[in-house]
Amino acid sequence: MEEALTRATVPKLLVANWKLNPQIEAEAVRLARASDAKNIVIAPPFPFLVAVGKALKRATLGAQDVFWKLHGAYTGGVSPLMLRALGVRYVIVGHSERRALGETDTMVNKKARAALRAGLAPILCVGEPLAVRRKGLAAAKRFVAHQLRADLRGVSPSSVISHQSLVVAYEPLWAIGTGRAATPADAAEMAEFIKGLLVKSYKLKVSVLYGGSVNVRNAGAFLAEPAIDGALVGGASLQAAEFRKMISINQRS
Ligand code: PGA
């Protein structure tokens, strides 16, 4: 771990995706206080956004999903403007766990565009399934390129106001929640590929995060890759002590 501690050089973005955790608000506030640091985004479940937002002094508030309509008969919907009004700055869109429930690229595209229009920074998740990865990194790149083209259709550079306002998270499906992360070298190659593609096809300069089984042991190696601008962390972000160590890895320069 010492080695990992010395390898990260610039503070990058660590996004804590709590998913459907924790169960009660008091626990969410406790975890938020323990994770409150610069260059951190905390994405709690919707019901805890207000309490977590109040608890944070340095970290930025994120949401895990958003609907694309602003009002109307959409039971269960939460609009980007509602999130903005709560102080949310980033919103995860197209996470594979939502895609697995039936979310299509068309829906992800609507969410990303609605988020940008409302002044939220989408964290667009893309990544290939295991069957594709087994065919090699070139096949994985083709899969990711196809997702990006579909998910970013109609997104113009002018709608992406600054470098920070669109983030792509490369999250290979086989690495999420499995304890089997991609290698930092493969993740960096994919990050370069994504950046190159978006500059070429959309004139968009984006930050690219890696996500999928990032933990205290491997975080330093991912963050040390110049092409990787940070990490999207699920399980390890719920372990306060482990996440604090990841924060200090990120802050060491
Ligand atoms: P994990 O999840 O860190 O638990 O693999 C990452 C994610 O789903 O964003």
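Using the three backbone atoms N, Cα and C, a Cβ is placed for every residue, glycine included.
Just so it is clear, the model here is predicted, and its values are computed rather than measured.
According to TrEMBL, the features are:
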{"type": "BINDING", "residues": "Asn17, Trp18, Lys19, Gly177, Ser213, Gly234, Gly235", "note": "substrate binding site"}
{"type": "ACT_SITE", "residues": "His95", "note": "active site, electrophile"}
{"type": "ACT_SITE", "residues": "Glu171", "note": "active site, proton acceptor"}
Using all protein chains shown, find which of the binding-site residues Gly177, Gly234, Gly235 scores highest when you count other CB atoms within 10 A of its CB. Gly234
Check the DSSP secondary structure of Gly234 (substrate binding site), expressed as helix, strand or coil. coil
Per 10 Å Cβ neighbour count, which of the recorded positions Lys19, His95 ranks highest? His95
Sequence gap of 6 or more, Cβ distance under 8 Å: name the residues on the same chain that satisfy this around Ser213 (substrate binding site), in order along the sequence. Ala175, Ile176, Gly177, Thr178, Gly179, Arg180, Ala181, Gly235
Taking DSSP as the reference, which of helix, strand or coil describes Gly177 (substrate binding site)? coil
Can you tell me the CA-to-CA distance separating Lys19 (substrate binding site) and the residue listed as 'active site, electrophile', as a whole number of Å? 10
Measuring Cα to Cα, how many angstrom lie between Gly234 (substrate binding site) and Glu171 (active site, proton acceptor)? 11
Sequence gap of 6 or more, Cβ distance under 8 Å: name the residues on the same chain that satisfy this around Trp18 (substrate binding site), in order along the sequence. Ala28, Leu31, Ile42, Ala43, Pro44, Pro45, Gln64, Ser237, Leu238
Restricting to the chain of Asn17 (substrate binding site) and a gap of 6 or more, list residues whose Cβ falls under 8 Å of its Cβ, or answer none. Ala43, Gln64, Ile92, His95, Gly211, Leu232, Val233, Gly234, Ser237
Inside 10 Å of the Cβ of Glu171 (active site, proton acceptor), count up the other Cβ atoms and send me the figure. 27
Determine, from DSSP, whether Asn17 (substrate binding site) sits in helix, strand or coil. strand
Could you tell me which three-state DSSP class Ser213 (substrate binding site) falls into? coil
